[in-house]
Every structure is written in structure tokens, then in C-alpha cells.
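For reference, Swiss-Prot has these:
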- 25-54: repeat 'ANK 1' (REPEAT)
- 58-87: repeat 'ANK 2' (REPEAT)
- 91-120: repeat 'ANK 3' (REPEAT)
- 122-151: repeat 'ANK 4' (REPEAT)
- 155-184: repeat 'ANK 5' (REPEAT)
Amino acid sequence: MSDNTLLLHTIMILDLEPNYNECRYCVRMLFNAVKFNNIRLVMHLLRNGVDPNFYDEYMRSPIHYAVEKGNTEMVKALLEHKADPNIFDDNFDYPITNSIIENKVEIVKILLQYGADKTMINEFDLLHDAIKNKHIDMAKILIDNGISLTMKDTDDYTPLHYAMLDNDTSVIYNLLDYIFKVKGYDVLGNIVHDILCNYDLYKETTLELLISYYIIISYLYRGIDLSDIYNSNIEILLNSKHLSDIKEKCENEIDVMKNAVICDGIAIIDLCTGYDANSIARNSVNLKRFSDTKLKIYRYYIEPIVEIGKYRRELLYNAINSMNEYCKSESNDIANWSCLPFEIKYKILENIKDDETLRKI
């Protein structure tokens, strides 16, 4: 149906002045307007009282079709007019589960905001599928909203198993880091435990990454409470020659990072946590050189920190150049900026903590 046909139907409705909530033509019109992404007609019908929870012969309501279309504006409009986010069709498909499976991140956020049932996400293997398909942003939303990280699928595997099996180190690191920061060390420990119990399924590189991340956390966050699951995991590592060799290599590199001091008198291990972007920026060149020459296992951990430093340093350099250009005119050089040494200019701008402010200079 074209927009012109929909418009004609709208005019007919307006002329007939029907009871919108009881008019079957109006309800059918709402379905068609949603299917054809006609937000103006949808809003007109909703404002005049058409029930957004009416369903068709497939038990599907307008919100099912809006989700299917991926139209965030339409989904939000329906929810604002009391569409039920937890309504299901004759296949027991829910708007929230469909949008998760189809990786419609913004729609999932909207559905959750308007009361979609969070318990539904544990009724299916949604996190398993998100990780299999490398939908990391979706996986993070599921983690934020309480999905079980140790739930096993029909093959008896937890979600992280599929990232490990795929040997995608970037995905594994992202997930481990996010789980630790959002859920804590104990939850991470339980996930690691399940992987270690099945370590023969995985490649050396992924096991190195998993074990190295788990071990370094206890060094970086010294106040962390090491629970029974930590001791159990260490015992598994020590009882396997293969795993204990990986553990030893990790600890040797950690010792190197503890003993290596760069130009600000800061140990590499300390620069990994607790220092601001300016400290990292000042030391990013030395940090990169150290990572390239001294590390093998923990290079993946240092590289993102180096990038933070490089970004901050480039931002400061660009801000200095912008200020230099602005102060070329004598009338603009109020604070005698042009007379200052580069090092002083750099130090002054370091005090601007907000990167957004620096970008505007």
C-alpha cells in the first residue's frame, strides 16, 4: 500500500469521524501504517485512541511489526501509547527476544526502558547466540540486565565457551574485561572455572589470554577479595602441567612489569591502573617500546593503554597548534601565549581534563 493510499484512508476516517478504538478499519489501518513505516499516520491513530495491543490472525500486535522493521521511532511511539512490550505471538516470539536475535541494539534499549520483562532473556540461549555472532554490544546489554553468565545451553556449554572456541582474542578480552568491571571478580572466577575444567577443548592462545587476564587482576587490584573460587582455579592450574606452564609465563611477565620503571618513575604494572590519561600520554612512547620488546603474553593488555596515551597526546598537540594559530594576531595574544615554551603550553593544557573541551580549542 502506497503512502497516497494510506493518506486517502486517513481522509476517509476523518470524514467518517468513527470511534477509533472500536473501528476495525482503524485497527487494520494501524497495522498497515506500521508495516509501511508511516509514522505520521501511526501517531494520528494512536492519539485518537486506537488500541496498540490489538493483534492479527497470527497473534502479532503492531509492536511486533515495528520491531521487525527496525523502526526505533515507531517502537517508541507505540510504547508511549501503552503498547505492551511483553506481548507474544502464536510462535511465542516476544519483541525483546526478536530484537536481541536480530541485533537491534537501540530497539532492545527502548524495550527495556519501557518495561520489557528482563527474565525473558534467561529463557533462551540469547547470550550464547550473541557471542557466536560476535554481537558484543548486544552481549554487554544482556550482561547489564542480569543474564546468567554461567547458564549452559543444550550442548552443556556456557556463553564464553563459544568465544574461546572461535579463538577470537579481541572478543574474549572484551568480554572478560567487561564481565570483571560490571559483575566483579567472583563472577569472572566462576566463568573461568568452567573453561579451565574443559581446557583441552581450546587453543593455546585463547587459554593464555584467559589465564593471563585472570591472574593479572589480582596484582592490579590488590584490595580485591580472593574467594574460594580463586583458590579452586589456582589449584586447577597447578594440577595440569600445560596450565601451570602458562601460569608461570604470566607471572614471569608480571614480574618484569613490576620491576620496569619508565621516565616518570612509575612502574609499568602501576601505569596499568590508577593513573590518569596525562601520565599515560607522557609515557606512551616508552610504554609502546617496552611492550614491543619485553612482553609477549601481556602485550594485548598494554596496547589499549598505549592508545589512550597516544590519543591524549595528539589531542594536546592539536590544541597547542590551534592556540598558536589563534594567538598569531597580537590582539588575541592576551596572556603572551606565543612567548611561552612548548613544554609550558603543554603543561597548561594538561590541566584541561575534559577531552571534549580540548577538541573545541
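Just so it is clear, glycine is given a Cβ too, placed from its N, Cα and C backbone atoms.
Counted with DSSP, the repeat 'ANK 5' (155-184) comes out as 23 helix, 0 strand, 7 coil. Away from its own ends, the repeat 'ANK 5' (155-184) comes close to residues 127-128, 130-132, 134, 136, 139-140, 143-144, 149, 191, 194-195, 198, 201-203, 205-206, 209-210, 213-214, 217, 300 of its chain (Cβ-Cβ under 8 Å, at least six residues beyond either end). For the repeat 'ANK 2' (58-87), the DSSP-based tally of helix, strand and coil residues reads 17 helix, 0 strand, 13 coil. Here the repeat 'ANK 3' (91-120) has, by DSSP, the following mix of helix, strand and coil residues: 19 helix, 0 strand, 11 coil.
Per-residue pLDDT, averaged along the repeat 'ANK 4' (122-151), amounts to 93 for this model.
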